[in-house]
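So the structure is just underneath, and the comments pick up after that.
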Amino acid sequence: MDTEDDPLLQDAWLDEEDEEVAFSSRKRREGALLCGKSSCRVRPLRVTLPVSGFWNIVGWIFTNPYCAGFILFLGCAIPAVLAVVMFLHYPALDIDISYNAFEIRNHESSQRFDALALALKSQFGSWGRNRRDLADFTSETLQRLIFEQLQQLHLNASHLQVSTRAKRSAPQGRTSSPEPRAHPHPGNETSRVTRGAPRWDYSNTYISANTQTHAHWRIELIFLARGDSENNIFTTERLVTIHEVERKIMDHPRFREFCWKPHEVLKDLPLGSYSYCSPPSSLMTYFFPTERGGKIYYDGMGQDLADIQGSLELAMTHPEFYWYVDEGLSAENKKSSLLRSEILFGAPLPNYYSVEDRWEEQRHKFQNFVVTYVAMLAKQSTSKVQVLYGGTDLFDYEVRRTFNNDMLLAFISSSCIAVLVYILTSCSVFLSFFGIASIGLSCLVALFLYHVVFGIQYLGILNGVAAFVIVGIGVDDVFVFINTYRQATHLKDLRLRMIHTIQTAGKATFFTSLTTAAAYAANIFSQIPAVHDFGLFMSLIVSCCWVAVLFTMPAALGIWTLYVSPLESSCQNSCSQKCTKKSTLHLAEDLFVASEGTSRAGRETLPYLDDDIPLLSVEEEPVSLEMGDVPLVSVMPENLQLPVEKSNRGHLIAHLQELLEHWVLWSAVKSRWVIVGLFLLVLLLSIFFASRLRPASRAPVLFRPDTNIQVLLDLKYNLSAEGISCITCSGLFQEKPHSLQNNFRTSLEKKKRGSASPWGSKGSISDTGQQDLQGTVYISKSRSKGRPAIYRFSLNASIPAPWQMVSPGDGEVPSFQVYRVPFGNFTRKLTACVSTVGLLKQTSPRKWMMTTLSCDSKRGWKFDFSFYVAAKEQQRTRKLYFAQSHKPPYHGRVCVAPPGCLLSSSPDGPTKGILYVPSEKAAPKARLSATSGFNPCMNMGCGKPAVRPLVDTGAMVFVVFGIRGVNRTKNSDNHVIGDMGSVIYDDSFDLFKEIGNLCRLCKAIASNTELVKPGGAQCLPSGYSISSFLQMLHPECKNIPEPNLLPGQLSHGAVGVKDGKVQWISMAFESTTYKGKSSFQTYADYLKWETFLQQQLQLFPEGSALRHGFQTCEHWKQIFMEIIGVQSALYGLILSLVICVAAVAVFTTHILLLLPVLLSILGVVCLVVTIMYWSGWEMGAVEAISLSILVGSSVDYCVHLVEGYLLAGENLPLHHAEDPTACRQWRTIEAIRHVGVAIVSSAVTTVIATVPLFFCIIAPFAKFGKIVALNTGVSILYTLTVSTALLSIMGPGTFTRSRTSCLKAVAGVLLAGLLGLCICLALLKGGFKIPLPNGTAL
């Protein structure tokens, strides 16, 4: 039974009101005021009869120490028991750090494209070392199968010649059967069986005594070139750096225990020192070969760098080469900004019988081993090379370490709030403990519901925000109960005081928790997994937190009043007497300091820091609200007196209160129309800019942009052939050992040709002969007063007078090494010219200069000597500069670096430039290794470069048959980059049975010029002319459309072959869709493709496997991610707005009070979105979450202002009652006076609580914190300006809330909802399609 329905309880309330009237002496000086509909009783009945009914039982339970203690025990025991049950009897709850959590993986477009990509990956991953071209492989295999089919068709024919030819062709085709079928390729196993899959995924493995023969784990390395404008990774310095990093990895003390040891490595003799571990899968195998027994082994174990261009030419003859480089490298442009490497590790480990033998134990050992590389790899980057490292286990380790470090910042936020709780509970340890405990224990209950009831196995990485947010939300509820209980000191009966606390605080916290939980719950409808899980988890936490506080805090307050409060008061009084010189009365039962002697002498202020309940300080007699709410009045118990001196806190809040009063007097009275005008202008501009916020064009940035893992994730989308498993792509597997003799000409031939071999070995010139090819240019100078120094160049070390030796330093070069004849890459000829023109013979009889041309005899220059240098940087070279002065006597100079040789401002030319000479250390005093500068393509060349494989699916539309979909049921989703799943094949698909229908469909699609560009049909894979053979199978296959491909370009059409059967086929078509169009425009093209294909498929007979075909495109996947992301955000925003509007309508019960709230929310949301647009953000997952939360968090401040407006109307002065304008302004000013300090303090504390989020490495945390702080600042600004101005203009003057108005509001909300439903039904009946959050339409 409610208190307002009990006359006895009303008399008790009136008794307390009479005491309040007696206490407030200032009230009598201000005259009579309007007291509402209730009459003021001077002599209320003093009835102390107990309350009966439900609330009497509730009050007795929470004030009985045994019942209250039992409730506290249950509040702690139930969450603990649920947590134990969850952790012991259910699968472990892990952190979902998958990048796929931010992609819409369950949509049809994603499933189709992933299925095709996996099928291509499986087919491409089956390359053998002797079959490097997928197009030739598939073409030959398909040709063989066609021959076999033709043989079967003509088996009973009478033409013996044709039959014999078919029989000869069949065995010939079988000889080209791919090696991987007979010998399962390790690459195929690795690409499907990695990422910590459970043991039942290893059905293809076999028990073997050989350890570490199966490649199961890997470390991914990417080396980025930096430090110059060219950013070419193929330079001497960068390649040496990369080689050193790879050698450091192999030199790890425990590397041999985990490395991969394939049987092919046993043939590589130099790897014996590494226990025949496989070297990194890297291009370093070409650049750093080793020489053993007159043979070159491409294993990357050499100490010296081979010839860069020659090694590149050799590597580019294999299509696997393109896996290591970026997309820009080609035969014409042999430059790459990056290089990829993989370090492979094998299973089973030593002392394990097989891969399946104690698999989890093996995996745990490897994880403990591989993380020891992190510290070393983090220090390997140089000014020229940035080293990025990753891989499944390193990714997971780095993400979890980052996540844990960021969670430590949550402790800083929680600690600050805990201190705030301790202060605002009057330093009560008991209340502070149970307040924080109720929040923490509610999280365990929410976790149980999330994991057990809803069956979600992983916590999304975004859920870490809950650690920051929930403490602030829960503490607000705790403050509400404590403050409401503290304010009810006028209720002497403890039971009545507890009932009043539960009713008032429970309603207030229910309203705010409902709007907050609804804002988070709106994200449940999002198709982005991370957003969906975050919305569910946060809504559960907010709801559980409210329930926990609702039961825990009243019980704690009951025990605190009976037993703990006296002890805390005596302790605090004792400390106060010892620590202060002046005797002050400690207000242990108040959270406010009254201000005296101000210009507002008749008013008292409550400095609350909470924004969830109406904080009203009125001096008039309060009137009970008909809704059952009891106004929170500021009263002083009779036994207390005000302190003589005000504290600093009182001064601060008094100043803030005075500032707010002056502010609202300006905004609500003097400049209200100006504010409204500015608001409408800003609103229109905000709507314009907010509408320009574009959907995200990529998955969100998960980490700070400069971190190792984020740079690596960004590169994931730009790497060549990312989907290919390429563990055998290095030179170790692609090249057999080469004989060193085959690459050398005799020294006599080289001398005749004027060149020499850059390596010393058998069959090459001797070390002495090589030394004879080198020479030294000596430099001396002559200097006289007032004249510039003249430099002399000579091949003779003697220095005649008046020349002097040049000392090192200041850019001077005493001498440098050169080659007398062209040697290797030292082929740039420089000529030293001498002249006597314009010189004084006594000081410097001659002058010298250097030029790349011949000496200019017309100007007096004569030939002295010539030598050879390198035009580009080489191994063991140093860089020098030469230049000719543009002033008399026009002499030349060689120096170490500018500005010494910048004698002229002209660009590089014949007499000015850069030369690379052998360094002094490189002088061949000792024998060089056989591989130093080795050029494998010197004699016969290495052949033509391989064509870049086009297995990446660009803007093509693929029509696929033989694939039903993708199976993701057994995937482990807690990896940064996890597996996409496995392909579900259509076993009923038979290529030769459906060949006629396929040819007919290919022609039909190719002839549709609205969808396909002319010449854009690629129905068959590249290679031999398969179309000519297809004509023999079916007449429909005549005149198959031929694609317009560039010379050497491969077709995007693909065929999957397994066990001698065509498993699936993919026809590619170059669509007319322009990729630059918006996603919503491209969606129309998708519908055209889907409609046309379905029409064609329906023409096939019933039961045909072709009816299961589908069309897919990577572009469709991208546009649906954008469309569904935006639609999910909009639906979340609309749902959150509807719930908030309904709740506010029921709470305010008046349309003119609802309208200012709605306008304020609209203004806040639009302005925040506009700032997001100005900041360059896109509508991604984090922004989608924020949009819905903005509504729920924006509504609090303005609603509390409206609540203060309503409560002020209960005590409206008589002289304002007849003037609506004055009445609205007075009520607005009173509302700000009563709740202004509270909402401002709450906003400040909210912003401060989000500051630790700014420093998080996880980017969504930092962005979420910025959005919450921004929204809080804009919301409080709009509340103090726009909301006050709108209330003073359109607020109802004399309206007071009643039960009747509440029922009308509920009826209005239900009617509006029914009307909206009817409109939707009418639109659907009229043929209008309503888009749904999942991308479909009703």
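For all residues, glycine too, the Cβ spot is worked out from N, Cα and C.
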(message) Going by the topological domains annotated in Swiss-Prot, do Thr512 and Leu1190 sit on the same side of the membrane?
(response) no
(request) Residue list, the transmembrane segment (453-473) vs rest of chain: Cβ under 8 Å, 6 or more residues beyond ends. (result) 91, 93-97, 101, 399, 403, 406-407, 409-410, 413-414, 417, 439, 443, 513, 516, 529-531, 533-534, 536-538, 541-542, 545, 702, 973-974, 1181-1182, 1185, 1245-1246, 1249-1250, 1252-1253, 1258, 1260-1261, 1264-1265, 1268
(request) Kindly report the helix/strand/coil residue split of the topological domain 'Lumenal' (1288-1302) according to DSSP, in that order. (result) 7 helix, 0 strand, 8 coil
(message) Any contact between the transmembrane segment (407-427) and the transmembrane segment (1238-1258)? By contact I mean 3+ C-beta pairs closer than 8 Å, pairs at least 6 apart along the chain.
(response) yes
(request) Across the whole of the topological domain 'Lumenal' (1288-1302), what does the mean pLDDT come to? Round it, please. (result) 82
(message) Which sequence-distant residues neighbour the transmembrane segment (1151-1171)? Criterion: at least 6 residues beyond either end, Cβ under 8 Å.
(response) 679, 682-683, 685-687, 689-690, 693, 1133, 1137, 1140-1141, 1144-1145, 1186-1187, 1190-1191, 1194-1195, 1198-1199, 1202, 1205-1206, 1267, 1270-1271, 1274-1275, 1278-1279, 1282-1283, 1286-1287, 1290-1292, 1295
